Amino acid sequence: MFSKDQTLAKTDTELWSAIQQENTRQQDHIELIASENYTSPAVMEAQGSQLTNKYAEGYPGKRYYGGCEYVDIVEQLAIDRVKKLFGAEAANVQPNSGSQANQGVFFAVLKPGDTIMGMSLAEGGHLTHGMALNMSGKWFNVVSYGLNDKEEIDYEQMERLAREHKPKMIIAGASAYALRIDFERFAKIAKEIGAYFMVDMAHYAGLIAAGEYPNPVPYADFVTSTTHKSLRGPRGGFILMKAEHEKIINSAIFPGIQGGPLMHVIAGKAVAFKEALAPEFKVYQQQVLKNADALAKALIARGLRIVSNRTESHVMLVDLRAKKITGKDAEALLGSAHITTNKNGIPNDPEKPFVSSGIRLGSPAMTTRGFKEAEATKVGNLIADVLDNPNDAATIERVKAEVKKLTDAFPVYG
């Protein structure tokens, strides 16, 4: 029998220490990685519940194990809430990640050797949309569209390639694209050539849920997403689909590519979907956009170039070449000042991916802390201070002290 006194602090001091240090890092550093956010205590409570003990292969009302009457309630709540949140006909909340959600759709309707078309990774796409080293690039014939001279999606190129290659599936969505995507235009060309249309909205899901970014659900056959990032839930994935595709998607996830679902994570998803349905979530997402705009403008004012010259979402790519610094070095320097970012390639980047000429920044996490435009502008100036003085230890220490003032004033968990 387990005793409730057998806490982690008592039973595994090494692991406990590492977790405490990470908690301190999250509190004391400004998080600007666009794919990261902070979940609510309620989400973490659900994930740390006894639901982690339950195996539940199958779907609500049709399980391969007994004792699933209560986890059925949990999963059905998640399904119903996410359908309401995005206006979807059907949903699967079992994917363990966004990548597995994408893989599930591929497994459902494609065969090895089929042609797919997605956004080039080098110009802002995601590795699961056809990167050569990814399963999607190994299993399928890949055609990639990219950006035009204005660093906007080249819709004319996309349409031309679609008509020429007639892919079985067209994919929209990105991991490093700051502008709005015209999902309706993608849907029209997909219909014209008889292709499936899938949208990976992982980065934009929170904004879409709040009505602050175009909703792909009315246009796409399949919409995949993560549940973290801008949606502010646990780490996981889900798939939205037309009702006609529900059976094949469910079969593709289980037993196709996964076994028993992670019921404690699905519970966390259900909590996050309920939170996203609240009016406060719309206010939060509106502030996410305001903060991203303020951050971008502050950086531009300090001589940095934003790819596409603006952001229309939570994310932006910063071209560092004018500062004569690589993304790898900028990430390390900013990290030493307690500002967390990630190096990222920019369009036509001359550097290798692990070096890169840019950094990717996002506003969701700092907005969760309570930052508004004034703080976002200050963060932009602190970033520029570091990049303007990369070899000055005094500047790093000064910026670190300014960061501490901000993080103390805006704790992650009050």
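Every residue number used here counts from 1 along the chain in the order it is shown.
A Cβ is built for glycine as well, from the same backbone N, Cα and C atoms used for every other residue.
Residues or ranges marked as (6S)-5,6,7,8-tetrahydrofolate binding site by Swiss-Prot: LEU121, GLY125, HIS126, LEU127. The C-beta environment of HIS126 ((6S)-5,6,7,8-tetrahydrofolate binding site), restricted to residues of the same chain at least 6 apart in sequence and closer than 8 Å, consists of GLY118, MET119, GLY173, ALA174, SER175, ASP200, ALA202.
Swiss-Prot lists HIS228 with the feature site 'Plays an important role in substrate specificity', giving sequence analysis as the kind of evidence. Under the DSSP three-state reduction, HIS228 (site 'Plays an important role in substrate specificity') is assigned to coil, being neither helix nor strand. Within 10 Å of the C-beta atom of HIS228 (site 'Plays an important role in substrate specificity') sit 27 other C-beta atoms, taking all shown protein chains into account.
The annotation N6-(pyridoxal phosphate)lysine is assigned in Swiss-Prot to LYS229 on the grounds of sequence analysis. Counting every protein chain shown, the number of other Cβ atoms lying within 10 Å of the Cβ of LYS229 (N6-(pyridoxal phosphate)lysine) is 27.
A helical conformation is recorded for LEU121 ((6S)-5,6,7,8-tetrahydrofolate binding site) in the three-state DSSP classification. The highest number of surrounding Cβ atoms within 10 Å, among the binding-site residues LEU121, LEU127, is found at LEU121. In sequence order, GLY118, MET119, SER144, GLY173, ALA174, SER175, TYR177 constitute the residues six or more apart from GLY125 ((6S)-5,6,7,8-tetrahydrofolate binding site) in its chain with CB-CB distances below 8 Å. Apart from the site residues LEU121, GLY125, HIS126, LEU127, the chain places the Cβ of GLY118, MET119, SER120, GLY124, THR128, HIS129, GLY130, MET131, ASN134, ALA174, SER175 no farther than 8 Å from the centroid of the site's Cβ atoms, the recorded (6S)-5,6,7,8-tetrahydrofolate location.
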